[in-house]
Amino acid sequence: MTLLGTALRPAATRVMLLGAGELGKEVAIECQRLGIEVIAVDRYPDAPAMHVAHRSHVINMLDGEALRHVITEEKPHYIVPEIEAIATDTLRELEGEGLNVVPCARATQLTMNREGIRRLAAEELGLPTSTYRFADSEASFHDAVAAVGFPCIVKPVMSSSGKGQSFIRSAEQLAQAWEYAQQGGRAGAGRVIVEGVVKFDFEITLLTVSAVDGVHFCAPVGHRQQDGDYRESWQPQQMSELALKRAQEIARHVVLALGGHGLFGVELFVCGDEVIFSEVSPRPHDTGMVTLISQDLSEFALHVRAFLGMPIGAIRQYGPAASAVILPQLTSQNVTFDDVHAAVGAGVQVRLFGKPEIDGTRRLGVALATGENVEEAVIRAKKAASRVTVKG
C-alpha cells in the first residue's frame, strides 16, 4: 500500500533530488503529477529540475556535512540521486538511520565509480565484461595499458558524459591520456580504469525496473556515441531473441545484486548473439529520453512508480521512435532558441532543458520523433534537432 500526502501540507510526501539536471527535471515532473513535494539540490543555481521543484538548494554534494545538513533540514521521505558525484558514505550512514535512498545507498555507492560496479559484475557475478585494469598513478597506468594492450580506452573511475575519456592506439598518447583523465574526474584527480576494446555490432541500454511486482524490461534502446556522450538513441533496437534473453539475464543479475526499487540503465555491448556488460546507472539514463515519446510510461514515470512501491505491470511500447540531442557550442548566460516552430510537427516533439548558461559545448535539449521504422525516426529526430537555432 502506497500512502501519498499532498505537497506543502503537513502530511506531504517529500522527494529530494540530488542532482537537478534534465533527467532530474523529468523525475520532478512525474512526482508533481502525484502531488509530491519536490526539493531539488545541485552544485549550481537555477538547474533544470529547480524550475519545477517546490524548493531548491545549492551545495557541494561531495561534502558529507553539507549533504547531511540539507537532508536533516528538509526531512525527505525519499532521497533520489541523479548523478554520481555525491558523498555516498553519508548516504549509507543516513540510510542506516532510517532514511530511504533510491534505489538504495549500496547501489548508489557501487555505481558511483566504475571500479565498484566492474568488480561486482566481473568478479562477484561472473558476468562477461571487457578486459580491464585499474591504476592510481602514472606508472601504474603504464603497467595497466601494457597488460590490456593496444588499442584501449582510459576513463576516470568517476566521470560522466565522456569527460576524461581517451581512445589510445599507441604509447605516444599515454602522457596526454593520463593528464586528460586526471582533469576529467567528477571528484578531481584519481584512479582510472583501462579497458580493452570490445568488438561489437551495437550498444544498447536495457532500461530495467526492479519493483514490488518483480523485474521488468523496456524494449532495448540503441544509441550512437560520440566523444563519450550520446548523440541519438532509438527504440526498439533490433536484436536476436537469444541476445535479448542474455541481455535480460545480465540486467536482472545486476539490478538484483545492487538491490532496491527503481529504474536502472544497464549498458551492454552486443555482437551477434553474445552480450557483454559495460556499465549500469541506478537511475534513469540519458539515452532513455526516447521513452518520453515511445512508451506509455517513460523511464522517469517508471522510476517514480518503482521507488514509491507501486506495481509496474506491462510496459507498452508504441513503436519505432528516436531522440537526437540539441548540442550547441557557444558562450552565454542568456540562451535563446529560435526556429522551434520549424522543428515540431506530427510525431515530432522538442524538450528544452532550461539550463541557465553554456560555455563551450553543452546539451541543452532533445528532439523526439516517431516513424514507420527506426531509421525514419532517427532521421526525423536529427532533422528536428538541427532546425533549432541556439543563440546567446
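Keep in mind that glycine also has a Cβ here, set from the backbone N, Cα and C atoms.
Taken straight from Swiss-Prot:
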BINDING   Glu22, Leu23, Glu82, Asp286, Lys355, Arg362, Arg363  N(1)-(5-phospho-beta-D-ribosyl)glycinamide binding site
BINDING   Arg114, Lys155, Ser160, Ser161, Gly162, Lys163, Gly164, Gln165, Glu195, Gly196, Val197, Val198, Glu203  ATP binding site
BINDING   Glu267, Glu279  Mg(2+) binding site
DOMAIN    119-308  domain 'ATP-grasp'
Cα separation, Arg114 (ATP binding site) to Arg363 (N(1)-(5-phospho-beta-D-ribosyl)glycinamide binding site) (Å, whole number): 23
CB contacts for Glu82 (N(1)-(5-phospho-beta-D-ribosyl)glycinamide binding site) [other CB atoms within 10 A, all chains]: 26
Binding-site residues compared (Arg114, Arg362, Arg363) - highest count of Cβ atoms within 10 Å: Arg114
Chain-internal residues near Glu267 (Mg(2+) binding site), provided their CB is under 8 angstroms and they sit 6+ positions away: Glu203, Ile204, Thr205, Phe277, Ser278, Glu279, Val280, Ser281, His285
Cα-Cα distance linking Glu195 (ATP binding site) and Lys355 (N(1)-(5-phospho-beta-D-ribosyl)glycinamide binding site), given in Å to the nearest integer: 33
Cα-nearest neighbour of Arg362 (N(1)-(5-phospho-beta-D-ribosyl)glycinamide binding site) within the listed binding-site residues, Arg114, Gly164, Glu195, Val197: Gly164
For Asp286 (N(1)-(5-phospho-beta-D-ribosyl)glycinamide binding site), nearby residues of its own chain (Cβ under 8 Å, 6 or more apart in sequence): Glu22, Leu23, Tyr230
C-alpha spacing of Glu82 (N(1)-(5-phospho-beta-D-ribosyl)glycinamide binding site) relative to Gly164 (ATP binding site), in angstrom: 20
